[in-house]
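Asker: I'd like to ask some things about the structure below.
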Amino acid sequence: MDKKLILAIESSCDETSAAVVVNGREVLSNVISTQIDTHKKFGGVVPEVASRMHIEIIDYVVKKALEDANVSLDDIDAIGVTYGPGLIGALLVGLQYAKGLAFASKKPLIGVNHIQGHISANFIQYKDLKPPFISLVVSGGHTFIVSVNDFCDFEVIGKTRDDAVGEAYDKVARSLGLGYPGGPKIDKLAKEGDPDAISFPRAKFHEDTLDFSFSGVKSAVLNYLNKANMKGIEVNNADVAASFQKAVIDVLKDNVFLTCKKKNVNKIAIAGGVASNSCLRETLKKEGALRNIEILFPEPVLCTDNAAMIGSAAYFNYEKNYVSSFDINAKPNLKLGER
């Protein structure tokens with residue numbers, strides 16, 4: 001097989017990343033510059049600040065990715081870049097940089113959907129992984145159950161109707177005084193608590209759907225804390241964290257395994273920042289073993305936003321001749337499968 005080298009760029013939120021990926025599976029470099037410490041004091045990502053920080057660092061990050069991979073731009077076959085979904089200003093920084101690079105070097109430009117990128121992280125982690133399989137995409141801004149029919153063929157089976165999982169985690173963490181980002185902090189605190197101490201609601205839709213809703217459980221936690229505060233009752237934060245986390249993961253677990261049953265598929269690949277959550281990993285692995293369903297997780301560095309996953313997705317798009325024109329624009333609400 002001929003080696004195809006993809007230079008990939010990711011800037012959809014608060015990570016500026018560039019990577020060099022071979023044939024969608026082998027990572028030669030994956031440079032990530034995170035803005036977490038900057039946004040922490042604001043309690044969340046400030047879009048304008050994120051955009052400015054991307055502008056300041058992107059040139060260095062791309063050059064460092066080429067240097068770490070020990071290749072030059074001449075060695076690159078195509079340039080992949082995230083063009084949605086995400087923050088419009090942040091997306092534009094990466095996209096415009098990639099356009100300029102592709103134009104100047106006469107390399108093909110490959111626009112990549114950020115969600116496809118998250119799913120493709122599993123192709124890096126598992127070198128022999130091939131569709132079909134089910135993917136559960138869980139992150140700060142996205143929650144999807146996706147039927148991966150082929151490398152570039154996706155069917156959204158379920159999605160959140162309100163808050164994404166990571167969004168709910170951040171809001172609950174803030175109410176518990178844990179700060180931002182909330183996911184890792186709740187995961188850590190929950191280990192000290194009783195997941196059955198408090199009964200928080202699990203949203204179930206009556207119609208034939210595998211969609212999610214996490215605004216109810218988030219509101220239930222906030223109401224519980226407010227009532228306890230008004231009555232002067234001391235709250236066990238670890239129990240709240242553990243009970244909230246169990247409520248969320250129960251719903252994710254039920255819907256994704258029901259999808260496997262409906263689609264007659266015995267493989268689930270988890271993706272997105274929340275895929276690093278230890279309780280989610282343990283719960284799905286345990287349930288998967290009982291149901292004889294294989295559960296796949298990328299390593300944590302591939303769960304967070306990174307350019308290696310974009311490079312993998314770009315390679316498979318390139319193989320299908322999904323090459324972008326230079327009038328491609330950033331799409332903050334880009335749907336999976338939209339071209």
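Just so you know, glycine gets a Cβ as well, placed from its N, Cα and C.
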Asker: Given Swiss-Prot annotates V137, V138, S139, G140, G141, G183, D187, N277 as substrate-binding, which of D153, D163, D170, D208 belongs to that site as well?
Answerer: D170
Asker: Please pick, from D254, D305, the residue that Swiss-Prot records in the Fe cation site together with H114, H118.
Answerer: D305
Asker: Where does G183 (substrate binding site) sit in DSSP terms: helix, strand, or coil?
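Answerer: Its secondary structure by DSSP: helix.
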Asker: Are there residues of the same chain, six or more positions away from N277 (substrate binding site), whose CB falls under 8 angstroms from its CB, and which are they?
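Answerer: The answer is G183, D187, Q245, I249.
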Asker: What whole-number distance in angstrom separates the two most remote CA atoms of the substrate-binding residues V137, V138, S139, G140, G141, D170, G183, D187, N277?
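Answerer: So the maximum pairwise Cα distance among the substrate binders is 18 Å.
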Asker: Would you list, in sequence order, the binding-site residues among H114, H118, D305 whose CA lies within 10 Å of the CA of V137 (substrate binding site)?
Answerer: H118
